[in-house]
Amino acid sequence: MTTNIKTDFSPPATATPVLEMQGIAKRFHGVPALQGVNLTIYPGEVHALMGENGAGKSTLMKILAGAYIADEGEIRINGKGVKITDPGTARQAGINLIYQELNVAPNLTVTENIFMGSELTRGQFLDRKAMELEAQQVLASLGASFAPTDIVGTLAIAEQQQVEIARALKDNSRILVMDEPTAALSDRETERLFEVIRKLRNDGIAIIYISHRMEEIYALADRISVLRDGQYIGSLTREEISPQRLVQMMVGRSMQDFYEHQRQSNPGPVVLEVRNISDGRKVQPASFQLRAGEILGLAGLVGAGRTEVSRLIFGADRKVSGEVFLNGKKLEIHSPSDAIAVGIGYVPEDRKDQGLFLEMSSRKNIGLNRLKQDANLGIVNWGSVNKIATDAVENFHIRLANLEIRAVDLSGGNQQKLLLARWLAINPRVLMLDEPTRGVDIGAKSEIYRIISDLSAQGVAILMVSSELPEIVGLSDRVLVMREGQLVGELDNSIGKEITQENIMHYATGASEVTAS
């Protein structure tokens, strides 16, 4: 039975909810996707909707936007019941959904995109002047810096997003749903979007914000509602938000259990040794050891050289100096193929551009690194590859209907597990992970942490690069910190230098000495 968490959120006494969804249920082929979900949104509120993949967030929002029709439940706008049967009736009710994949016509002007399907006319002709004037007014209200006559395809992604928002405002929308709106944005573009969202909030527009990025939720949300397994778990106010409570609500267990790794007090023998490795530019001569069953965290600010170290070891980039040893034997690694041949794996930070073959099947993506090993007289042993892929799907809880599903059609979390499965198929002695949970929801993070901990327990030596300090602190047996291309510090609880976020940042910024444990 689900227990709801009460909230102290106190809207003005006279405030009527702009949106109430009560008892919403939806089934697909008899399987419940939503079960009695409630959601209440107030004017001028940024309301975050959170939950892991499959929790029901997208289904609930598609019902609100008219893409699906609920099997049960009621929707009220400003206290009045409404029937939303298609996207048109949703827009008439003042609801607009801005998808992660932008819905703009790149070859048309900003004005033409804003008024698409609702053009202004004078007699039998389009009234372009009136449309451009109204478009300019809406864009000005958003603080946009581009012109109504600009071609949308020439704009940055963040500006194209503003075009979509402008189109919604032109339709007098009072409820905006934003689904992972920062997924393709830079940090600067993200902050610009936040400014727009805050302005919309001040204008009384309600925003339902879907994101797995905790830092965005803390920066924007007035309240948070959480779904899990198609059920409403509860809501929190800004004051009640904490990582511990969110994790417990989303995955059903405490933060203490989130990072399952038990720190190694007596790690195994040295497996990987790096001596004075350098690319002559971004990485100054760096030396360290990595032991069997150890998770070695590599921390530092963006641009510190962490990724570059991993790529040098893997042979993806050319080193100008340094040596790499595996089990005491000097390696000659000139390419990733050389690294793979000796049992060194590397999960890159950008799974879409550097890791996966998106149009290829899940089966082939998983088996890619085993094809050479399993080839016999030029004939691939697909039976072996199929078994590896089937076992990986089961062991890693990869959610897909069948092995022929393309990687591009999977969620971020399942894509990342697919990539992990590919590297584990070669039975690596050393596995380097670069931002292993970037762009995945909290449920997938928990599963990936379990996989990493299991590998460590099996004796795999793991080098983990991460910008998420709780991840580094929660999983690492030791932590090396880089600053401006140099290794500047080591944290290890067993030698009296405590692994904490504060101590990592002291080294990363050069601010002060670390705190002893």
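Cβ atoms here come from the backbone N, Cα and C positions, even for glycine.
According to Swiss-Prot, the protein carries these features:
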- Gly51, Glu52, Asn53, Gly54, Ala55, Gly56, Lys57, Ser58: ATP binding site (BINDING)
- 19-254: domain 'ABC transporter 1' (DOMAIN)
- 253-509: domain 'ABC transporter 2' (DOMAIN)
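Sequence features, as recorded in Swiss-Prot, placed on the structure.
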residue	record	Cβ contacts under 8 Å, 6 or more apart
Gly51	ATP binding site	Lys57, Val226, Leu227, Arg228, Ile233, Met250, Asp441, Gly443
Glu52	ATP binding site	Arg228, Met250, Val251, Gly413, Asp441, Ile442, Gly443, Ala444
Gly54	ATP binding site	Asp229, Arg399, Gly443
Ala55	ATP binding site	Val226, Leu227, Arg228, Asp229, Gly230, Met250, Gly443
Gly56	ATP binding site	Ala33, Leu34, Val37, Leu227, Asp229, Gly230, Gln231
Ser58	ATP binding site	Asp179, Ile210
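Cβ neighbour count for Lys57 (ATP binding site) (all protein chains, 10 Å cutoff from its Cβ): 23.
DSSP assigns Ser58 (ATP binding site) to a helix in the three-state reduction. Over the domain 'ABC transporter 2' (253-509) the predicted model carries a mean pLDDT of 84.
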